[in-house]
Amino acid sequence: MDTKIGAVDTCKPATYNVGSLPTNGAVTIQHSVIPFNSAHSTLGRHLARRLVQVGVNDVFSVPGDFNLTLLDHLLAEPGLNLVGCCNELNAGYAADGYARSRGVGACVVTFTVGGLSVLNAIAGAYSENLPVICIVGGPNSNDYGTSRILHHTIGLPDFSQELRCFQTVTCYQAVVNNLEDAHELIDTAISTALKESKPVYISISCNLPAIPHPTFSREPVPYSLSPKLSNPIGLEAAVEAAAEFLNKAVKPVMVGGPKLRVAKACEAFVELADASGCAVAVMPSAKGLVPEHHPHFIGTYWGAVSTAFCAEIVESADAYIFAGPIFNDYSSVGYSLLIKKEKAIILQPDRVTISNGPSFGCVLMKDFLRELAKRLKHNATAYENYYRIYVPEGHPLKCQPKEPLRVNVLFKHIQNMLSGDTAVIAETGDSWFNCQKLKLPGGCGYEFQMQYGSIGWSVGATLGYAQAAQGKRVIACIGDGSFQVTAQDVSTMLRCGQRTIIFLINNGGYTIEVEIHDGPYNVIKNWNYTGLVDAIHNGEGKCWTTKVRCEEELIEAIETAAGAKKDCLCFIEVIVHKDDTSKELLEWGSRVSAANSRPPNPQ
């Protein structure tokens, strides 16, 4: 069945599963012809309506002279809210965060100076398989093919520099400098982003958005995207081979990976877990994709820095299914995982590989998991082993009165804040490891950027996620070094009236890099972070800030944020010792350092 995307008379779409497109069936559409030459028969209006149709109600933008007319048309769309950001990098990060909650995101910047600024964020979205629509206001259409030199360029008459940069970090690029094919290029770009779950680049000449054209004389018909299908014969062969492999195993386990999102296979993964009785773990970058309240959930598998007793169960299994894994140097803890290929079934979104043997293409992960659930014998041995050896985690040592606050005490209290009405955003750094140990209640969101690992990502991503998921209160855990990269868009959070709680962990530097390779460059200038946010606030919007140095002050701050200031953006600066890190970061850092410092192979 085709998947219908959006409706022309819908301004506010339903909330979708993370990384999923809406599947709300057929939609009745009025195919009324808009009189040609009216102000509505324009490229700008068509693009605005398309964005609303696919589920984008907020576009993150930075104005520049090449995109101003286009921004006028986006502003005129009733279902679209234009969110002005402080810089293009944060606009891209915000679109990334928005896509994680809503299933698709969009940003608008200006030519080259804006495009190259947002490029880093788009690369991150590409690495995380997020459909982000990056729109750039481009040069006047009359300037293409001439020898003119334009501002915002590197001083050459060749305008393709920006396009070439985006070609490696987007799955489709459209340069719209002619109204005749603008309709086709825009529709192809947006639909490709949805189908491939990757960013796309759309450049629109600055003189085109307001010009009426016959191709835009009707309301845009909602997309009908044909779903990908498995090869039935390949699916049957893959399921048969996998069932034979797993049914012979004594203690099989299941491990969810980050590509569960792009494969839209999270529900199917849980169905297999229910049917098989296997112990269920997740890779670190898949945290939040599998419900942690599942009766057979055993934690995060991250090699030497796994949650307690999880690695022992996974690595001692005689068969394991890895669904959508990414085995990079970070997720493998410097390539030190103790798993063996001959014991593994590796599932990618459209391919199944069993042990060292057969590989089956054109087999969708979600179809494979659902069919396999019908063939497996129930086998809870691995989970029973976990249950026998499991010892509940201890609690942090009790703080003495006014004792300097420790990070493990901070996260004990953050754990108690979580519910189905919250979402956690973890910044690159020690927050990766501390947030990984949080136990997520049903419905609690969780996001971090592990594959790309760009410090500063979380500020923009928090802005975008909170704008998309307004029913949740976002709790962001951000290190001081990361915050210094992108701090400005706390301003935009205030303009949008967001209620986020930001824990700014002030330990005086880039702690994650200290544990990989220390040096004076990892020490940063200390800021008065609450003073900075107070200055940004400047009496406009609802904002509350505080510094905490001990557990008593932390408890009081959390009570205030959850109570009297529950409708405010709450910024809590947590001052901790520079060497106060998780034990997992210490282990992980030493192993990644060893991987980074391997000598060259002999020539």
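Note: Cβ is positioned from N, Cα and C throughout, glycine not excepted.
TrEMBL lists D480, N507, G509 with the feature Mg(2+) binding site. The feature domain 'Thiamine pyrophosphate enzyme N-terminal TPP-binding' is assigned by TrEMBL to 42-151. According to TrEMBL, the domain 'Thiamine pyrophosphate enzyme central' annotation covers 239-356. According to TrEMBL, the feature domain 'Thiamine pyrophosphate enzyme TPP-binding' maps to 450-574.
Within the group of binding-site residues (D480, N507, G509), the Cβ with the highest number of other Cβ atoms inside 10 Å belongs to D480.
Of the chain residues outside the Mg(2+) site list D480, N507, G509, G479, G481, I505, N506, G508, Y510, T511, I524, K578 have their Cβ within 8 Å of the site's Cβ mean position. Mean pLDDT across the domain 'Thiamine pyrophosphate enzyme N-terminal TPP-binding' (42-151) comes to 96 in this model.
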